[in-house]
Amino acid sequence: MFFTPPQLQKLEQDWNGLAVRDWMIANVDVVLYISFLYLGFVFIGPKLFAKLVGTNPAAAAAGARSADGTGSPIVRRSMVVWNLALSIFSIFGTSTVTPVLLRNLANKGFYGATCDFKETEFYTTNVGFWMGIFALSKIPELVDTIFLVLQGKQELPFLHWYHHVTVLLFSWHTYCVGSSAYIWVAAMNYSVHSVMYLYFALAALGYKRVVRPLAPYITIIQILQMVVGCYVTIFALQELHGEGGRGCGVSPANMRIQLVMYASYLYLFSKMFVASYIRPPKRPTVGGPSSTAGVSNGSVEKKVK
């Protein structure tokens, strides 16, 4: 890592990923409760918000937005702090996990970097800390959805909540079973989120017209992440089950889940990219209804319109 504050160094040194794993295994029902509560909020939250402000959903949406469509001043400032915090968090994770992946690729080749499972690297040391925190961070990232509701979203996009809940369940399962290929997931996701959440923070600060041209490129990077994820997963499964396979430090069930997850993301993100940037819908007339889709971890263009 380029710089590690002393307090963070102590957290890394004291991290006991094996104990965290054992707790997650013993309390696997917790992630199910969180997921069910989250899904309940997805479908009830917008309607509840409309009732709390004492009006219909359409009027609530209009009242929740400022003139530039990014939300009330309090919501907007909170979004800046939240997204900036997630970006900084992701930068720290990237600076720790990604160099290890690159070093493994250089020293061990693609097979070694993907299939050589080291328990110490996965559960202990500073790398293990950022792998574990990555898995657990999928819980607080659900707060993204709260901000969409506070901005007056009447219906949360499928890609938004599907992405959040599936990656949460997958990350919990992966940290419980251990996976040599998970370093790819963490390194890529940390890297993409470093840029994506910084984009959201700048947009909420009022610079959306400046950063908006970057939106399609960030989405392209997200799609490339899914392509690489599919390839890594298929490679691991081939080494595990294929004729002449050398074995791989992964769980077969976890890899099947990972493949379904990445393949579905690839389809959904690609479909969204085409709809947003290749065949975008006509913009509403001035003074007409807002076209904000508010897709966190989805179309960055739509989130900040």
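Note: Cβ is positioned from N, Cα and C throughout, glycine not excepted.
Within the list Asn189, Asn297, the entry that Swiss-Prot describes as N-linked glycosylation site is Asn297. Per-stretch counts of Cβ pairs under 8 Å to the transmembrane segment (183-203) identify 80-100 as the leading one among 24-44, 80-100, 129-149, 217-237. Here the transmembrane segment (129-149) touches the transmembrane segment (24-44). Their Cβ atoms form 3 or more pairs under 8 Å, with each pair 6 or more residues apart. Panel annotation: around the transmembrane segment (24-44), residues 139, 142, 145-146, 149, 156, 161, 164-165, 168-169, 172, 175-176 of the same chain, lying at least six beyond its termini, place a Cβ under 8 Å from a Cβ of the stretch. For the motif 'HxxHH motif' (160-164), the number of residues in each DSSP class (helix H, G, I; strand E, B; coil) is 5 helix, 0 strand, 0 coil.
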